[in-house]
Amino acid sequence: APGSMEAADEEKAGNGHAEGPAAAAAERGGGGQRRLRGCRDFLRRNALVVLTVSGVVAGVALGTAVRGAALGPAQVAYLAFPGELLLRMLRMVILPLVVCSLVSGAASLDTRSLGRLGGIALAYFLGTTLLASGLAVALGFIVRPGAGATALNTPELGLPGALDNRKETVDSFLDLIRNLFPANLVAAAFQTYATGYKMLRRNTTSGNVTLEKIPVGTEIEGMNILGLVLFALVLGVALKKLGQEGEDLIRFFNSFNEATMVLVSWIMWYVPIGIMFLVGSKIVEMEDIVLLVTSLGKYIFASILGHFIHGGIILPLIYFASTRQNPYRFLLGLITPFATAFATSSSSATLPSMIKCIEENNGVDKRISRFILPIGATVNMDGAAIFQCMAAVFIAQLNNVDLNPGQIFTILVTATASSVGAAGVPAGGVLTIAIILEAIGLPTNDLSLILAVDWIVDRTTTVVNVEGDALGAGILNYLNEKEKKEKEQELKEVNVEAVANSKSEEETSPLVTHKNQVSNTTSTADPESKESVL
């Protein structure tokens, strides 16, 4: 028996020596399979991000390759057709998304939370826009983009004589307030109120003829997003006040909102294709980029530098100071909406993908994201404020005008206020620059220069706009979660106290125990002795 046991041990040892290399090879194979599986899982989770970034790169390559073919305007329009389809699909879902998400978001929050979150959001939006405006003015004085620029009002560099029908500053702000209260909700879906002017000829007693400019109300094409946002918010609060009677309508808007998000998730898979043709066609459309860069290069550099500092440093610092969390990890989950913003130059068109990604990738509460992001896409325009202030300083330096402190203050306040009403569409901020120039007394005929480079600067402008909205939603989500945890902790403490007070009297009160013991000992005594004991 001992001999057989030794033979078995030797056999096992031999097998162990033989199986060693095979086991190591199997382990290496298993490690390679695990890495392959991990890579496959990463690609599956981030397929949309990879495809979107690839679409941007492919668009640049496509535009560079086709640029030498000397395409005519018709061929360029055909090349941009897939990108135009993407823009049309995104704009199609903006109206139901904004209205339904705001109604359901306002109805899901109690009045106290709505007021608190709304106050914090308003303070954040105004504060970051003021910071952006101040940064742009400071950079404008440091870089001095208009010092070396030449006033090239040639047809190649924009639209000469644009915006001859200049709007008064007072009328611009009155239009902003008028659009908050649309007279017709159906018309607000595709029209915006704007003040126009007509010249009235008057004959004076001395025989001279004078022309008087009289404001006239007109309707221009474009969604009145401000009026729809305010109406949806108030309707959501009213439905919440109705209680049980408003539940059916709230459920309707919730279902409508979820169905819209399903449509958005389908549209998102077309984004890489649309972005590729949008970027490619825009590169083909560029006429003489060397002339643009040599004449307006400092202005382009200063604007993009302002966007980089505000979006890459200031906004992440505000997020970190508020939440003590890594802002860049938060932004990493939003690459797809940032690429969409870069390609479309439209905050409104980026809204559907932003809501989808911020909820799925960053775990932001639906009530917060669908309440804050539509408002932010309308009123929070940090990138537009940088763009507008830089343009005002640039035009002042171009005309050799030294800005005094009063004019600088006017630029800051006017840019912050006018960015609220800036349309979330491509080149929407150019028209609001005219308001700032009128407010500080500068000529608006140099706006053709801004239009010439707007297609470049507007892309980084839109990325900073949507980044500010996303980080604001992240901050509000953190504060809401923190308040919820504090309430749960308070409720837990109250429950513990209630459980402690609900224990039996024998455990909690020695006096009662003593009384019971005394009463037990005197149970056989007469009533008079019981009474004396009590």
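Every residue, even glycine, has its Cβ placed from backbone N, Cα and C.
Positions annotated as compositional bias 'Low complexity' by TrEMBL: 15-27. TrEMBL lists 510-526 with the feature compositional bias 'Polar residues'. The region 'Disordered' annotation in TrEMBL covers 1-33, 497-534. Annotation comment: TrEMBL describes 47-69, 89-109, 121-143, 220-239, 259-279, 299-322, 371-396, 408-437 as transmembrane segment.
Only sequence-distant pairs (6 or more apart) were considered; of these, at least three Cβ pairs between the transmembrane segment (259-279) and the transmembrane segment (47-69) are under 8 A, so the stretches are in contact. The stretches the transmembrane segment (299-322) and the transmembrane segment (121-143) are in mutual contact, each linked to the other by at least three Cβ pairs under 8 Å (pairs 6 or more apart in sequence). A Cβ distance under 8 Å defines the sequence-distant neighbours of the transmembrane segment (47-69), meaning residues of its chain 6+ beyond its ends; these are 79, 268-269, 271-284, 286, 335-336, 339-340, 342-343. Tertiary proximity for the transmembrane segment (371-396) is limited to same-chain residues at least six positions away from its ends with a CB under 8 Å from its CB atoms, namely 97-98, 101-102, 105-106, 109, 117, 121, 125, 128-129, 131-133, 135-137, 139-141, 145-146, 149, 225-226, 229, 232-233, 299, 302-303, 306-307, 310-311, 315, 347-348, 350-351, 354-355, 358, 402-403, 411-412, 415-416, 418-420, 422, 424, 428-429, 432-433, 436-437, 440, 442-443, 446-447, 449-450, 457-458, 460-470, 472-473, 476. Counting same-chain residues at least six beyond the ends of the transmembrane segment (89-109), those with a Cβ under 8 angstroms from any Cβ of the stretch are 117, 189, 223, 225, 228-229, 231-233, 235-237, 239-240, 246, 250, 253-254, 256-257, 260-261, 263-264, 267, 270, 340, 344, 346, 348-353, 355, 366-368, 370-371, 373-375, 377.
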